[in-house]
Structure formats: C-alpha cells, structure tokens
Amino acid sequence: MRAISPRMIRGEFRGRLGGFALDASFSVPATGITGLFGPSGCGKSTVLRCLAGLQHLPGSLCDVDGDVWQDDSTFLKPHQRPIGYVFQEASLFQHLSVKANLVYGAPRGDAGGAAGVIAFDEVIELLGLARLLDRAPRNLSGGERQRVAIGRALLSQPKLLLMDEPLSALDRLTKDEILPFLERLHARLSLPVIYVSHDITEIERLADHLILMRAGHVIGVGPLSDLQSDPALPLATARDAAVNFAAIAEAYDANYGLLTLRVDGGRLLVPSGPVEPGARRRIRIAAGDVSLAREAPRATSILNALSARIVSTSPVGPNEMLVVLGLGPNGNGARLLARVTRRSWDQLQLAEGIEVFAQVKGVALASERGVSEATK
C-alpha cells in the first residue's frame, strides 16, 4: 500500500465513464471544508462518488487521513467507508419522525462522550432542530428537510463528510437560511468536509481549501485565497472575482459602529455590531471594489487605504488590467485583486514591484449570522 502523511485526503481517480474521461488528482488537508468547484458536467460529483466507493475506477487511489480506502490491492465498499453523504435532495424516511430519522444509522451503544464523537444534542443545537424532532418529514420545508439530512449524516459518526450540491435544489432565500448553519458546523466541528458546488458564493462562504475542476481534470488545488488570486486560473479573471481571507477582531468603536480587523499585512475598518477582541472573522473583498493610488489618499470617504505592493499584472480584455497585490510595504501579506483601466495604469505609471495604496471601497464580512456589506 502507498502511505502518505497523516491528516491529508488524497485522491487519484482516472478512467473513462462512457464518453467522459476523468483524470483527477489532489491532496488536501483532512480538516475544515474543501470546496470542489467547477462548471456543471466537469466531474465534481463523479469524484465524490469515487471517494464514497460508489464508483470503482481500477488503478485509482483514495487515502483519507492515513487510511487507504482504495489502491492497487484494496477497494473498500461504500458501507466499509466511514463517510456521511448528503445529496442534492434530502432522502428521509417518510414514516419516521425527524428524531427517528436522525438516529437511523447512528452507531449502536452509548459513546459516553468519547473523543471525536458528535453528540446528538450538539447536532440538534448546531442545526436548530429542537422544535422539529416530533414532526413528520412531509410537514417540513425544503430547507428543514436538508438540515435533518445533514444531521443524520453527522450522527453516523463519519470520518469524512461528503456534500454533493446540498443547496442546489433550494431557492435563494432558503439557501441564505441554511448557510449560517453550515458556517456554525464549520466553526464548531473538526470533521473534514468535501463540499461540491457550482455556486461560487457558497464556496466563498464556506471553503478553506479548493479543488478546481474543468472537463474532468483538476486545474488547481490549494487554499481558497491562493486560487482566487492566481491570474492563471479562471476565478481571478472572472468579472465577479474576489478574494476571501481570515481576519482577527482587534477593537470595536461603539461611537461609530466600526470594527477594526487585523489581516495579514494591514488593518481594516468595517461597519459592524460589537465583536469580542480576538474573534476570527472571514472577509471577502471584490476586485471591483479595490482602486489604486500612488500616494496615501486624503480627504476621502473611503475608510480603508492599505499599503501594498504590485505582485503581478495581466491584461483582461482590451481595456483593463488585472492587478495582484500583496498587502504590507513589502508585499508579503494577504493577496488582493484589483481591476484598473489601461488608461489609469499608464497615467499612474504603475508597474510590477512598486508600492501603492489599495483603496478598499467595500468589504463583505461573513459571520455565523450571515454576510453584511460594509461600504465606504
């Protein structure tokens, strides 16, 4: 068997499925949420089925946290793999109550608070299911059914949770209701999750790492922010390009309702309610909300102007330049994207390697309660 370093999930899946050729290799941390993203039909769900053992491609490899589920001499069947699987449509037992659905398939016996065990009461709290326990599935909304399906998967005590576009069958309002619950799961549980979606807003809200696919191939693997800011990949050149990264709350100004966030390479002021110092927050800054200046701006309504250095540039269409910025005077901090016109580029005499000020006109602050837009 081929051993790899622990705390990683490694997949090498190759083969033909009818007219579709899959050649997908990746290695991601066995912690947090890894997004599996790409256009419809690129092979995302097929990779998930390979991880689950529902699809057998001979000669492939599947290693989860040091346990080999598939290699040249091994193939564990789906029931032998400690996985939880959440599908696009919640498949609940209609003749059972919500509570009975939740405990169906859970390991028998009392775990007694054993390390790593996900407790029933914890799942009920995290997913907001207490008032639903005695209901029948037919009396639940689409979002409630999906929350029950997620809870049932968690209570099976999986080593890996697979989620195949779990929000795709829901309308936007229902998606917005469920996303905060998924964020809470992410914050409270150490269980690794592979999350399939073709909706970039879900990936930006939830994922720590990303597997980017196109036409059956993996074209990028790594931390979400790294792939978002790589001009060689499609996320950076998209019209709605943005970068997500972690921030730490430092102070709150109750007089102005402004939260000071420390990021790698600078500080940001964001309109917000009170937040405890040290709390971690996730922020999103769109390329279209970043403008550049050669000197520190004065007398402006824009709250945030960060020292940065131009790391790289590339043309986007005939009129614009995509600029990758590194925060901090040396450019060693977090990466940002900016889109500037070619005219502005020439007039400001911008070039790779020079120091600039990145004026951030808008910051999306994600929290357990959702996303609030902070502008100017």
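Each residue, glycine too, has its Cβ placed from N, Cα and C.
Predicted, not measured: the structure shown is a model, and the values here were computed from it.
Features as listed in Swiss-Prot:
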DOMAIN    1-240  domain 'ABC transporter'
BINDING   GLY38, PRO39, SER40, GLY41, CYS42, GLY43, LYS44, SER45  ATP binding site
DOMAIN    299-369  domain 'Mop'
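Listed in sequence order, the residues HIS198, MET213 complete the 8 Å Cβ shell around the ATP site centroid, once GLY38, PRO39, SER40, GLY41, CYS42, GLY43, LYS44, SER45 themselves are left out. Comparing Cβ neighbour counts within 10 Å across the binding-site residues GLY38, GLY41, GLY43, the minimum falls on GLY41. Helix, strand and coil counts from DSSP across the domain 'Mop' (299-369) read 6 helix, 40 strand, 25 coil. Note on PRO39 (ATP binding site): other Cβ atoms within 10 Å of its Cβ, all shown chains, come to 11. In the structure as shown, the Cβ atom of LYS44 (ATP binding site) sits within 10 Å of 24 other Cβ atoms.
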